[in-house]
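S.K.: Handing you this structure, nothing more for now.
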Amino acid sequence: MKLFILAVGHKMPGWIASGFDEYAKRMPPELRIELREIKPELRSGGRSAESVMAAERQKIDAALPKGARIVALDERGRDWTTMQLAQALPGWQQDGRDVAFVIGGADGLDPELKARADLLLRISSMTLPHGMVRVLLAEQLYRAWSITQNHPYHRA
């Protein structure tokens, strides 16, 4: 099984890439994290947020690994603790399907994609920069894995 983070947005600051890479490289070979950046749609010419999200959904769909479990990050998603994420990981691994975490663009995720998702998950009740979400998600995935392995990284 592989973990994918599909993120609408590109040209992130260097510290975002460094932070993401730090946690991604810590993951074990059997649970690698791959980042797939989706170029955002331009909001020009009077385009509505709905049309922008629909166009971004098409790009996300093209980048989704076939048969992957879709975890859409959304402010109205379920509010999991790190322990709940750690409890989900072994089941996902046994299932054998790749897991794709999807981070939307400035307008969020298209409702059709959210309706298809296996899980709607909220990273925080606070509004966060999209680049920061990549780093936080990678760290939480590493922390969840470390919990499943009784690794000393997580000290609760």
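Our numbering is plain: 1 for the first residue shown, then up by one each step along the chain.
Just so it is clear, glycine is given a Cβ too, placed from its N, Cα and C backbone atoms.
In case it's useful when we look at the structure, here is the feature table from Swiss-Prot:
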BINDING   Leu73, Gly104, Ile123, Ser124, Ser125, Met126, Thr127, Leu128  S-adenosyl-L-methionine binding site
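Burial and contacts for the listed features, if you can.
M.R.: Secondary structure from DSSP puts Leu73 (S-adenosyl-L-methionine binding site) in a beta strand. Over all protein chains present, the Cβ of Leu73 (S-adenosyl-L-methionine binding site) has 26 other Cβ atoms lying within 10 Å.
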S.K.: By a 10 A CB contact count over all chains shown, which of the binding-site residues listed here is most packed: Ile123, Met126, Leu128?
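M.R.: Buried the deepest by this measure is Ile123.
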